[in-house]
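So that you can see what the record holds, here are the features copied from TrEMBL:
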- 1-39: signal peptide (SIGNAL)
- GLU357: active site, proton donor (ACT_SITE)
- 609-669: domain 'PKD' (DOMAIN)
- 789-812: region 'Disordered' (REGION)
- 791-800: compositional bias 'Polar residues' (COMPBIAS)
Amino acid sequence: MRTPNTTGGTRTRRRLGSIALVVTLAIQAAGQVATPALADTSPVTASQLVPVPANMEAVPGETFVVGPTTRIVGAEETRAVADALAATMRASTGYPLPVSAAAPQPGDIALSLTDAADAADLGDEGYRLDVSSTGIRIEARRPAGLFYGMHTLRQLLPPWIDSPTVRPGPWTVSGVRITDTPRYAYRGMMLDIARHFQPPAVVKRVIDQASAYKLNVLHLHVSDDQGFRIAINGRPELTTIGGQFSINNDPGGFWTQAEYVDVVNYAAARFMTVIPEVDSPGHTNAIVMSYAGPEANPVLPDVNCTRNNPPQWNLTGAVGYSALCPESPNTWAILTDIVNQLSAMTPGPYYHLGGDEVPTSTLSSARYVSFVDQEAQIVKAQNKVVMGWAEISQANFGQPDSPAAVAQFWNNGNPAGSGGDTARRAVQKGMKVVMSPANHTYLDMQQFVGSPLGLSWAGRLDVSQFYNWSGTSSDPATYIPARTTGGVTLPAVTDADILGVEAALWSETLRTVDDIGFQMFPRLPATAEIGWSPQVHPDRNLASFVSRVAGHGLRWQLQGQNFYPSPQVPWGIDVAAPSRAVDVRTVAGEIASVSAPGAMLEQVSATVDWGDGTSSPATLSGTAGTNKTANGIYSATGSHTYGRNGVYQATITATRPTGTATAGFTVVVDTCTATVTGTHPGPLVVGAGVTCLAPGATVSGPVTVRTGGSLIATGASIQGPVSAAGATLVELIGGSVSGPVSLTGTTGEIEVEGVRISGPLTVTGANVAAAPVLAGNTVNGPLSCAGNTPAPVNNGQPNTVRGPATGQCKGL
């Protein structure tokens, strides 16, 4: 990130006295693919938000800066969301960000719940987010809305906010007003833990990632031919026998009921509803095998309606061969236990009974319908809504005694032809529909020819196929039109019929959490946007989406989240350079971190202009990408020795074939007479010599600089006023001052940049070689300057002033 003391590397400065060698690295620009370089601290707009908000209005001239004194405030009912926001931001900013139930004050991030009449349109998941220079406000009717507003705020902050380690900032958010509500109530992801077993920790990671893009349903496929994954009391054989394998004879496993409940609760805390699915009557070979063969006790041969008699394990990806027998009382005893126990552990309204891929050669149509009808009544008895793959629309739903039901449409055939008929039949019977067409939402499909992950029976699906369902349309409501066949007109599937959308991730080829991530991103955010954002919106199109999601590559790298660097996404290049202080003339080691998603190491180069007329290439190193992993963030290292004391404006320029990023950093060569690190209790008085406040240092009291003294504070927190009279040099770069700043009669140099000042800033009587620089500050009070030679400048970085700007500072 850029630290605010860099002004393009064009200003040459002289120092008087003895100063520290302070190296402050700062991003100046992050180039985007095929576009000019953009400053990483440039305003974040809808062009960087996914899903795109329903309504967003920029507020010119307003910028909020998160600083060391920022609090997150809200009543007790907002505490969980406030704690989550604080935890995310503390790691990267290094700020304490206390969570408080106190009334909001200027400089706070405030969360609130409201039942006001003017908030009624927000529903249960909508929110308002307002950003001004005095604070950030997120308002919602329900905690889910606050949670989604929090994630929008996270995306409005620079992407380095997702770093697990401290970065230098500044952490700026441009003024904006957002009112946002979802289009669909159901926005889901299905995860198959049956074909390949996954432990709860992996599923929790999926929940974290999916909920961050405002998905609110986790559909867990917990049983299939290859394995049964949740313990059922009284039926240990379902997991001890049925859970011992995964596909291709990979290791199996299962969850205890306590682990399942823990995952359900974890999801609920992130406003995701878990829907369990035990597929039936087909995809049930693991259940059948639990009651067959030498290990089984009891042996129940009457449940077996597979094509194999006796049954046998089939750990391939074959489908359509297995079934439970609808005539067997044991079938219904087993399924009743499963449905009842999973329903009791799952507070959400749905139970998914599967119902897909049962050919008539395995069960006749009549036997299939009988099976679904009977299981639907078991689900109804648990006060759950029946959910199943769209084949269940063959059953007798829509009758007076039939339960409410949802059909999940997954067919990849022509939706205008017979490929859409299962959904049309569902609508005809009064069922709601969840849209999951395989050729547009199946995350297990390969993304490129030769991929070691995924299948291709529904096509090779990149971002464009996920976003555009029909030609250039991404709208589910027009995907399945009405169709007349045999003289009968089947209805269209309209918005009124659609409950929502779901992306499905089957796990035949996915063994690890990295495999899962590679298939999820960047395609899952496309489904999330289709589910959340309004049907009509200027940014609701593929070109806008890929431009916006490109900025998320850096976020995923920082999170350690694997993804596919699709060539359809214009990935950029970005640079972060940490602030540091050293006391020798040689700068050595890591200069910057370089993010270039999808670029091989040999495609990225970097050069350092050291600011003294010399330059040299930086050395780049890092983890390269493979055909199933994205590359990591690269490290740029370099070394340079300065010949004499002075102040140097250096730059590092990183380049990939499609973009460039330039970072500026200041090198001040000499020796501090005193350096403050950590926390300095009480007042600090600076007499002769140079006192340096290292990045992250805190002074818990006022700072006074006396005649002949010098102060350099880079990224420090001063919890009191700063006053200097007759100082040789005053440099405040980044950080914050909790009170006024008054600089009088300075003789050497003044530089105040990117500082959050809780009071007036006054500069008078300076007689210095170079114009005082007052740039990019947030001043909660007047800005006044008089009698300075030369007059102060802002180097093109206006200050945000909550009061009049007068004298020589008028217009700064």
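Yeah, the Cβs are placed from backbone N, Cα and C, and that goes for glycine too.
On the 0 to 100 pLDDT scale, the domain 'PKD' (609-669) averages 89 in this prediction. On its own chain, the residue listed as 'active site, proton donor' has GLY282, HIS283, VAL319, GLY320, GLU391 as residues at least 6 apart in sequence with a Cβ closer than 8 Å to its own Cβ. Helix, strand and coil content of the domain 'PKD' (609-669), in residues and according to DSSP, is 0 helix, 39 strand, 22 coil. Broken down with DSSP, the compositional bias 'Polar residues' (791-800) shows 0 helix, 2 strand, 8 coil.
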